[in-house]
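Pulled from Swiss-Prot, these are the features on record:
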- 1-24: signal peptide (SIGNAL)
- Cys25: N-palmitoyl cysteine (LIPID)
- Cys25: S-diacylglycerol cysteine (LIPID)
- Tyr52, Asp77, Asp83, Asp103, Arg104, Glu148, Asp193, Asn196, Glu251, Gly252, Ala253, Gly254, Trp274, Lys307: substrate binding site (BINDING)
Amino acid sequence: MSSKFMKSAAVLGTATLASLLLVACGSKTADKPADSGSSEVKELTVYVDEGYKSYIEEVAKAYEKEAGVKVTLKTGDALGGLDKLSLDNQSGNVPDVMMAPYDRVGSLGSDGQLSEVKLSDGAKTDDTTKSLVTAANGKVYGAPAVIESLVMYYNKDLVKDAPKTFADLENLAKDSKYAFAGEDGKTTAFLADWTNFYYTYGLLAGNGAYVFGQNGKDAKDIGLANDGSIVGINYAKSWYEKWPKGMQDTEGAGNLIQTQFQEGKTAAIIDGPWKAQAFKDAKVNYGVATIPTLPNGKEYAAFGGGKAWVIPQAVKNLEASQKFVDFLVATEQQKVLYDKTNEIPANTEARSYAEGKNDELTTAVIKQFKNTQPLPNISQMSAVWDPAKNMLFDAVSGQKDAKTAANDAVTLIKETIKQKFGE
């Protein structure tokens, strides 16, 4: 699976802002109903990232046998396909079904680029995944396909058991074997890219912070400067005081973390499922577990993410596309998705099937996902990433105290939303 597509929510940041502005600048597609008749449909086109090719090829055979409809597969840059969806809808040159990260679903739907999707009983959704495909207007624009969450990787050659609490991690930091060469008093026992807001949000939210109110749908209610956020930021700063200076590099910290872990100099890190293959290739004897509980005893409430099946607005036959989406999110096809891609199914029955395979990464993601908060999928989220990154850097580097950094970030977020969205 393309790591670029898998970790889209984690790394889009300003890229998300640019793509959303591209969509916003395009003319909204006329809100006309697609043809609902499907009796004459003999072929459907699905557009996906190259990593889903073998999965679609297998389930397409079953669908052709069941429905008598041929499924034509097109592969390419899935994110790029979403970026030009506004133009493709205007020309009518769109696939019948495609895939989108959850954080793109609500904004594209609200902007008129996606058709509404009905969630069938066979989809077996839960509250979190349903929220991830529901826009601020209350309409559903995608069918949940995959779930993702940050997890903890740990080196089994360095620690016998997975750390359970942040107190455990603090104790590891006292061990001299994790001392960072060249910087006295600095440790790499535990590392996390906490100037990246996607990675840090679980720390802040676990202390009571939130991005937007009403489950991420109310952009007028911003909770990144409340008391819980300040507690979380200050806790992050306490770690930066222990970490090498390079951890403050907002562009290079991720590479530093990966290198230290792969070289056996770091016992535990927080990262996403997309990093597992790199650790396998580096022959790290690693384990995967849920992220340790915070000092306040609460869970690390990371963003819940993943991908959904969506239907472009300009499809010629909405009913036929909907039927294929229903087929894709049903339990049996979701089981095949896991077997072919090792990505965690959104369907709760298929998720249980995946958990039964006793794979550490799968189990950790499923357990961690239960404690996640939906990544806001409204367009205004594009105004959050850069100010939040600056907030974290300013605080952990000591350029501002946590309260000032948070207040400044919220002020900038509000100003940006007002400028770009008129709110």
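Any Cβ shown, glycine's included, is placed from N, Cα and C.
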Q.
Using other CB atoms within 10 angstroms as the count, which residue among the binding-site residues Asp83, Glu251, Ala253 scores least?
A. Glu251
Q. Across all protein chains in the structure, which of the binding-site residues Tyr52, Arg104, Asp193, Trp274 has the highest Cβ count within 10 Å?
A. Arg104
(Q) Could you state, as a whole number of Å, the largest distance between Cα atoms of any two of Tyr52, Asp77, Asp83, Asp103, Arg104, Glu148, Asp193, Asn196, Glu251, Gly252, Ala253, Gly254, Trp274, Lys307, the listed substrate binders? (A) 30
Q | For Trp274 (substrate binding site), the three-state class that DSSP assigns | A | helix
(Q) With DSSP assignments reduced to helix, strand and coil, which class does Asp193 (substrate binding site) get? (A) coil
